[in-house]
Amino acid sequence: MVDLESEVPPLPPRYRFRDLLLGDQGWQNDDRVQVEFYMNENTFKERLKLFFIKNQRSSLRIRLFNFSLKLLSCLLYIIRVLLESPSQGNEWSHIFWVNRSLPLWGLQVSVALISLFETILLGYLSYKGNIWEQILRIPFILEIINAVPFIISIFWPSLRNLFVPVFLNCWLAKHALENMINDLHRAIQRTQSAMFNQVLILISTLLCLIFTCICGIQHLERIGKKLNLFDSLYFCIVTFSTVGFGDVTPETWSSKLFVVAMICVALVVLPIQFEQLAYLWMERQKSGGNYSRHRAQTEKHVVLCVSSLKIDLLMDFLNEFYAHPRLQDYYVVILCPTEMDVQVRRVLQIPMWSQRVIYLQGSALKDQDLLRAKMDDAEACFILSSRCEVDRTSSDHQTILRAWAVKDFAPNCPLYVQILKPENKFHIKFADHVVCEEEFKYAMLALNCICPATSTLITLLVHTSRGQEGQQSPEQWQKTYGRCSGNEVYHIVLEESTFFAEYEGKSFTYASFHAHKKFGVCLIGVRREDNKNILLNPGPRYIMNSTDTCFYINITKEENSAFKNQDQQRKSNVSGSFYHGPSRLPVHSIIASMGTVAIDLQDTSCRSASGPTLTLPTEGSKEMRRPSIAPVLEVADASSIQTCDLLSDQSEDETTPDEEISSNLEYAKGYPPYSPYIGSSPTFCHLLHEKVPFCCLRLDKSCQHNYYEDAKAYGFKNKLIIVAAETAGNGLYNFIVPLRAYYRPKKELNPIVLLLDNPLDDLLKCGVTFAANMVVVDKESTMSAEEDYMADAKTIVNVQTLFRLFSSLSIITELTHPANMRFMQFRAKDCYSLALSKLEKKERERGSNLAFMFRLPFAAGRVFSISMLDTLLYQSFVKDYMISITRLLLGLDTTPGSGFLCSMKITEDDLWIRTYARLYQKLCSSTGDVPIGIYRTESQKLTTSESQISISVEEWEDTKDSKEQGHHRSNHRNSTSSDQSDHPLLRRKSMQWARRLSRKGPKHSGKTAEKITQQRLNLYRRSERQELAELVKNRMKHLGLSTVGYDEMNDHQSTLSYILINPSPDTRIEVNDVVYLIRPDPLAYLPNSEPSRRNSICNASGQDSREETQL
């Protein structure tokens, strides 16, 4: 081994650092020969060309030296003029001869020699075979004129005082300056600015014109007025500025001719320069210029990368981004490959945005454009996908490339990426925050079916609002709804909080209830200091720690809140007689709960083994008093934890043993065996024991396993959920999983029907007449509309048709543009909708970001636009936890120990709770649920509209007959016109025909004539609603479907629904209120988190219980 190592020759010193330091010369005895390779010919000319032209730094130095020589020659000319004494007489010899001192002549000769030598050398090096091309160049001619006479005067001393127009060297200095700027850009590796070069050329051209005119007039006036340089300067400025005072004028014809020539040159040269400058300025305005390096180092900025910038997207981003106080000093740099839109240009000219927003036209795939945007110094980069393209996969591919390019150019810049398709999400896993549109869209649509208006709830939570919307409205529901819409999610460390610091060491439910009762804030989640996972309502077992980060819902964050100390203590006898426990209700709540005797005491020692329930006890004895609400325990004991076991499916306890056995054989709880795309979060849900054959999934076609061809034949126990989509994409997985989550009881699992096309026949076959909800997903094929806002036209009209045909059907629609929500369930003569339209315009004028929130379909959760969730990505810049909390609420992510969103409905038996604060206490003390809001439905007091009037002709005729008994026949026409004005849906000609028919006897005799007359009367007596109902029923009969399920219920326009997020504790609960709950994770109460079914103490007690919380 040693011999082999000794045979290896040592490295030469250029490869060995030790030899370079020690000077080892052993390499000289090596037989190797060092060979140098040249890129060009190793000739003398090539070496000179490399030094004078090709090498950037040496070429820059030479051009700087040449520029200095030209300026020196012009300076020597001025010195010669100033030192020369005024000549006497008007002889022409004064034009050709001047007085030049010997030292000055020597300097000028030296400058001329150097300049001529350099010019000849550069001409030789740039020679390409055509000598005349080098000689006839204007710079070469000027150099000959200014240098050759001085060189000749060396050999002919009598020519030393010959006039030489050295001032023309200013044009050579201008030429050298242009070349020097180009070399400067190359030397410092900076992108050449055409705008800067053009401005420099224009200024230098103007200066050269003025300097040439000054020196020329001064010299030609040696035989005239004998003007000095200052007078010549004054004359040139007055002349070129077109003022022309006339106090200084040229006298000789030569000077006048020179002035005319200079004016002609100026009229030709300057407009060309100005035109090029204007063109470059316009191009600069389109491209946006650069974001200066100095500003990037001193100011903070974020970059917004989009493929096409629309005014709606821009305003949503700016309004949401600058809604946060600490972002007011940030700049927004927009990098977009397309030219700025006209509307966008007008908005960016507003002073509020012109000082903050910078538009750059460029591509994120070019490093030059990323350098212009100073991406490496940016605080964040937002990359948004173009959802208005037909091919959304192609749009995602562009987004992925932009994200890769930004990450390659600026690895430390935080990335906020929006992606459309879930299967493309794993390509950008490196991004700091990612929002997948289809994931959120389908999850919200699914939760809308089981928790009404979840889309509206999430939209209001992720929007920044002041809570001032609707406060000028005369209607109370708009004021309450607008005020509660200002609630957002905030965070604070427990030990730094005034809200939650006192609850250290206490349970989460205890802290949540008392913080809401005391401060009106809703504590929804926590995060340990040593854990990145957020836990929504971890339940009563969770003990609050001082280092925990608390997440709460409130109008504003705690840092912006002012606390007033109120030292108000109740009398000891009142507190001792009326209530036990640490919690205390407001005065008016206590008085309202007293009834005829007094408030009932809570005996915490007597608790049933089945755990607390919210149902009232049976009134078996008049002496029994109604129990009050149990206090929320500071630390939950073991018995209370066992009674809150929610994993067992209580719906099974309500079934017979046979049904339970069959249900267990059909369903199982577990994780889906296959994932539709990379990056989907595994969710514990209900599964079938055996995989269903693909042929059985076709509902409208029979197969060898079943012979059903419509939904009615399947005999589903629960109502259907119909999804009308264009394609069955991977995102549909996020629609199915929330509806099959493990915490949903089996008895409430709704069948899901996917409708890829929605003609009337298919709608009837899939069971639309007895469906619980119909979800209409936005179609990708509609994105190709020429007008952007027309992308929703097909969806809106189809949904309007469904609304008219099936008025009792709950339709949930997704639109592309939020502005189109006003067309949902459109009624042309609905006065209430017109009033809401005016309210929306007023709120928009006041600067509200949620002007569309008062539209009835949006408030009720029947329509939403996924673009409204763009603010979720924008808010993540300030609140990095918002995406995680939203995904947990929607069920997209499941964290062990984290709760889930569900709802419960208030019935008449639950009104004894009375207030939201008592409801909060009852839920926290019994099941550990945390309420976060109310979905309220009220009767809508509307003026009579065209769509609401449906009156039959029989009633109208009865009214007419009663009026005719008291009026003369001559007044019959007037009464008819008045009746017609009262009922606008009755067609005037039909009424007159029916009236004449009733007055006249039948023309036909016999039963046939009477039958025809009756049919005609029935035809014109039908209302529009009846016509549509008959159309649907006839079609169902034609398809062989039963018409039993189709009813003619009143539509939803008689009611209005809205959301109250975190209402005040004194809010009264009403019948049909739906309360949003964050329920603890049932798996958290199982030992070893075993997902198998086990019998709880609640079930062992033999009492009936329900999955839904009962009051």
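Any Cβ shown, glycine's included, is placed from N, Cα and C.
Values in this document were obtained by computation on a predicted structure and should not be read as measured data.
Residues or ranges marked as transmembrane segment in TrEMBL: 64-83, 103-127, 139-159, 199-217, 258-281. Annotation source TrEMBL lists domain 'RCK N-terminal' at 299-435. If you look up TrEMBL, you'll see 953-1013, 1086-1111 marked as region 'Disordered'. Residues or ranges marked as compositional bias 'Basic residues' in TrEMBL: 986-1006. The compositional bias 'Polar residues' annotation in TrEMBL covers 1094-1103.
For the domain 'RCK N-terminal' (299-435), the mean pLDDT of the prediction comes to 89. Long-range neighbours of the transmembrane segment (64-83) within the same chain, counting only residues 6 or more positions beyond its ends whose Cβ lies under 8 Å from a Cβ of the stretch, are 98, 100-101, 104, 107-108, 111-112, 114-115, 118, 146, 166-167, 169-170, 172-173, 176-177, 180, 211, 215, 218-219, 229.
Note: the domain 'RCK N-terminal' (299-435) comprises 59 helix, 28 strand, 50 coil (DSSP; helix = H, G, I, strand = E, B). Outside the transmembrane segment (139-159), and at least 6 residues removed from its termini, the chain residues within Cβ reach (under 8 Å) are 73, 105, 108-109, 112-113, 115-116, 119, 123, 165-166, 168-169, 171-172, 175.
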